[in-house]
Amino acid sequence: MSGLDSNPFAAPVEVNPFQDPSVTQAASTGREGIDEYNPFSVGGQDNGSNIPYSVKTQPAVLQPTQDPSPQAKASAAQAELLKQQEELEKKAAELERKEQELQNRSAERGKENNWPPLPRFFPIKPCFYQDFNEEIPPEYHRVCKMMYYLWMYHCTTLLLNLLACLIYFVVNTSHGVDFGLSIVWFVIFSPAAFMCWYRPVYKAFRSDSSFNFFFFFFMFAFQVVVYIIQSVGIPSWGNSGWIMAISMIGSNLPVAVFMMVVAGFFTVNAVLSVILLKM
């Protein structure tokens, strides 16, 4: 009876079978064996070495762009300033050139006319101012001077034509019409050529005027046609051309030769005019 509780009314004591010392010792021994077991160790025993583990890779990070150095910024800014300075210098030079041209044109109004070059005591004064080196751009000097020389050659041809028609009239008095018309052609066509095609082309080269160029081409083309007609030498037209010169060979050879020379002058005029017109 000593093994029984003295209080029969007390709650019964719960008995945990796992708290038995023999069971607890067996469970502890088995867990320790499982925890300490390393299947990769030699002979199934833990040799104390740790298995290396791989480091987790991190995602790629975009590196921020580096700003240019202050020296690079200064060099770029200096290059940009130099470029702007060059552009400004070019514009300034262009403006200066245009201003100089305007000054030359305005000063031209106050210049004294020098063409035609007449003596000071002569009652008629020069009518135009002409200076190739001052008024005509250098690239047009040659063409403009050739046009001037062609006009002088034109006047010389008309003067020789007047003399040839005079001789023709002296030899044969029935051809007075040719002599009279030759005087008219010399008096009218010499200044008319100067005013109608030489002066316009001079002003066109001087001021780069499209209207003057158009007027020159129109009048100069007409002048070429006139040269061709004059070189032919139609009778009673006042031109010592090839037809009139050949007709005089049988009657007066010296006069025919002189008239052939004049016809050659007219022909050269026509050829030179076509060449200059193409230029």
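Glycine is no exception: its Cβ is also placed from the backbone N, Cα and C atoms.
Here is what TrEMBL says about this protein:
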- 1-79: region 'Disordered' (REGION)
- 19-28: compositional bias 'Polar residues' (COMPBIAS)
- 47-57: compositional bias 'Polar residues' (COMPBIAS)
- 93-112: region 'Disordered' (REGION)
- 150-171: transmembrane segment (TRANSMEM)
- 183-201: transmembrane segment (TRANSMEM)
- 213-233: transmembrane segment (TRANSMEM)
- 253-277: transmembrane segment (TRANSMEM)
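Outside the transmembrane segment (150-171) by six or more residues, the chain places 178-179, 181-183, 185-186, 189-190, 193-194, 198, 230, 238-240, 244, 248, 251-252, 255, 258-259, 261-262, 265-266, 268-269, 272-273, 276 with a CB less than 8 A from a CB of the stretch. Through the fold, the transmembrane segment (213-233) approaches residues 161, 189, 193, 196-197, 200-201, 204, 239-245, 259, 263, 266-267, 269-270, 273-274, 277 of its own chain, all at least 6 residues removed from its boundaries and within a Cβ separation under 8 Å. Note on the transmembrane segment (183-201): residues 128, 144, 147-148, 150-151, 154-155, 158-159, 161-162, 212-213, 215-216, 219-220, 223, 226, 238-239 of its chain, located 6 or more positions outside it, place their CB under 8 angstroms from a CB of the stretch.
Counting same-chain residues at least six beyond the ends of the transmembrane segment (253-277), those with a Cβ under 8 angstroms from any Cβ of the stretch are 143, 146-147, 150, 153-154, 156-157, 160-161, 163-164, 167-168, 171, 217, 220-221, 223-224, 227-228, 230-231, 233, 239-242, 244-247.
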